[in-house]
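According to TrEMBL, the region 'Disordered' annotation covers 1-21. Summarising the annotation, TrEMBL assigns site 'Transition state stabilizer' to Arg39, Lys46. Residues or ranges marked as site 'Positions MEP for the nucleophilic attack' in TrEMBL: Arg185, Lys244.
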Amino acid sequence: MSESRASAAPSEVSQDNAEPEEQIQPVVAVILAAGLGVRFDESNPKQLVQVGGKPIITWSIDAFQSNARVTDILVVVNDRVRESVEAIVGAGTYDKVRMVIQGGVERMDSTEAALQTLADAEIPQDAKLLIHDAVRPFVSQESINGCIDALDTFNAATVAVASSDTMLIAGDLGERKVVRQVPDRDNMFRAQTPQAFRFGTLRKAYDLAAADPDFHPTDDTRVVVDHLPEEPVAIVAGSVTNMKITLPSDVPMAEWIAGSLAG
Ligand SMILES: Nc1ccn([C@@H]2O[C@H](COP(=O)(O)OP(=O)(O)OP(=O)(O)O)[C@@H](O)[C@H]2O)c(=O)n1
Ligand SMILES: C[C@](O)(CO)[C@H](O)COP(=O)(O)O
C-alpha cells in the first residue's frame, strides 16, 4: 500500500510562513469480485462478462484507477476468476492495483479478507476505504468523490439512491406474504456501492460482528449500523445507472448504459 504523506505539525511549519502541507491519507478502493454469481450463471462468471466491449470488472477497476484521489486498489477474487483478473490487472495500465487477494464464501468474508490484508500492510486507522461491487461497472466519479468527501465529516458513508417506488415491509400470513407497514418514502433509499469507511471504524465493526455467527449481512453498511449503532452512516448520491448486474436479464440494460456512456 502506498505511504501516506505526513502533514507538517504546526511546530514544523517553516519560517518563511509557507502553508503547512495538507495531510493526505491513503484512499484505498477494494473491488469485491469473489462472488459465484449463482443468480446469474455460475458457469459464466458475471465479473468477466463483456459489456460495451470490455469485462464488467474492467469498468469497475477503471473507475477507481482514473480517480486522481484514489491511491491504492485491492481486488478480491475467487479461484474461478483469479487467472483472468490477474491477466487484466497485469496488462500494464493499472499502476494503483497493489494486490489480488482471495475472498471468502460470503460477501462479508471477502471484505474481512481485505481488512486483514490492509491491517497486515499496516495502513493507518484513518485511511479511507471505498468498498465496491465489481459488478457495478458504471459507478460515477461524482459518487466516488462524494464518498471520499463524506469521510471528512463521517466515519462511514454509503452511496444510495432515493426510492421512486413506495416500499412495503411484509410479513408472513400462512403461505402468503402480506403488507405489514408502508414506510414514509422520503426515508427510503436503495443501497449501492461504493460504501466508504475510515479503516479503523470498519475494522472495529467487523471485529464485533465476528462474535455473531448468525450474522449474514448483504453489505458493509449493515455491519456498522448493527454493531456500531452510534456511528452515523452518511448517504452519498448514487444513480440508477450504478446498477448491479445480478441476473442475465440485467445485461441488455448494462449494454445500453455502456453505449450511452460511449456516445
Ligand atoms: N463471497 C463473495 C460474494 C460476493 N462478492 C462480490 O460482491 C459483489 C455483490 O455481490 P452479488 O451481486 O451478490 O454477487 P454474487 O455473490 O456473485 O451473486 P450471487 O449472490 O447470485 O451468487 C459482487 O461483485 C461479488 O463478486 C464477493 O466478493 N465475495
Ligand atoms: C452491497 C449491495 O450491492 C448494495 O446494494 C448489495 O447489498 C449486495 O447484495 P447481494 O445480495 O450480494 O446482491
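Please read every residue number as a count from 1 along the shown chain.
Cβ atoms here come from the backbone N, Cα and C positions, even for glycine.
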### Query
Helix, strand or coil: which one is Arg185 (site 'Positions MEP for the nucleophilic attack') in, per DSSP?
helix
## Note on the structure
CB < 6 Å to ligand 2, subset of recorded sites Arg39, Lys46, Arg185, Lys244, seq order -> Lys244
### Lys46 (site 'Transition state stabilizer'): secondary structure state under DSSP, collapsed to three categories
helix
### Query
Going by DSSP, is Lys244 (site 'Positions MEP for the nucleophilic attack') part of a helix, a strand, or coil?
coil
### Message
Test of understanding: give the count of other CB atoms lying within 10 angstroms of the CB of Lys244 (site 'Positions MEP for the nucleophilic attack').
### Response
17
### Query
Cβ-Cβ under 8 Å from Lys46 (site 'Transition state stabilizer'), same chain, 6 or more residues apart: which ones?
Gly35, Gly37, Phe40, Ile56, Val135, Ile245
### Query
If you run the three-state DSSP split on Arg39 (site 'Transition state stabilizer'), which class comes out?
coil
### Query
Within 10 Å of the Cβ of Arg185 (site 'Positions MEP for the nucleophilic attack'), how many other Cβ atoms can be counted across all chains shown?
13
